[in-house]
């Protein structure tokens, strides 16, 4: 696997010839919208096949997988075009193996809302260990506020991806309530009712795990929050169901602030099967222009986390989005627009912008002038920034990562992780 950075004057055909691969493969793996408009500075993932099988009449994915001692899932991962095809046809070329050794087996998950575009989700599912559906809330009498999730649970199983339920403080009107969270953490009977309801839903619908996602918790509720996690774990474990808890990105045990104080890394790590470090949103809607997940900031969180939690329990958050800021930035007034990573490259192409790469943040960015004459800056993710995060996960031997979120396409990301890792499947 090679990450090629486009130089001035290069074409897809030039790059394909340089690496001995097909132009169509480069276009597909990188979701190039217009091959005549590559962007200077654009990162492209180049996968070089080592073994290609030419399909013969009567063959199936299963028979081909058996022939090469591999799995049907591996063939799906290596040949994403299968998701859009009507089945195998004689003469089709199936990549059985790419050049290069895979680093290790990795746990990868992702979050999605029930209204996710199914084509985008199907493209991601072969590369995911878990699919977390966002999300369930609870009401004051212990009942759950549900979502329309059964079809997505069933779809996840088709791709050997474990469906995960999520519980948070979301209310009937879709907002998040610290007050409702406090009510739960201060009432042991309500905790029992909610945990019983969660178990019932998980068993009835086929969820394999639960994500506990409570943010902006009052410091006085820390003990009650921990007790709730411990109760959930004790209740779900006998059924083989696992518990993941989301953690704010702390760099020290005594970090002040409503986002951090109730998140006791050591205690919550011990009470959970695994945790997710929410290592994103340094660059955010109302903040100044910067990378969403600058690698130096992410590293500080990971360095602290591994002193409190075994690394084999830790998932690192991976952002699948960027932001477009109108300049100049004005604190309290400016509002960045969230955009997809693929859209960011298309935006750069449309405006004739050059993409640059910030070495400290290990993140791409570009500037452009809008139709109204306003100056903009865009920070987003590409194969290089994701690779930097994967390298960090490997350096600390973390369990894996989880994407926030899967609502937007990010084709080159899946090509990248497939080239580097065997994805853990637990279904």
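In case you wondered, yes, glycine gets a Cβ from its N, Cα and C as well.
Nobody curates TrEMBL annotations by hand; they come from automatic prediction.
Per TrEMBL, the feature domain 'LysM' maps to 2-46, 51-96. As annotated by TrEMBL, domain 'GH18' applies to 106-427.
According to DSSP, the secondary structure content of the domain 'LysM' (51-96) in residues is 20 helix, 8 strand, 18 coil. Confidence in the domain 'GH18' (106-427), given as mean pLDDT, stands at 97. Residue counts for the domain 'LysM' (2-46) under DSSP, split into helix (H, G, I), strand (E, B) and coil, are 15 helix, 8 strand, 22 coil.
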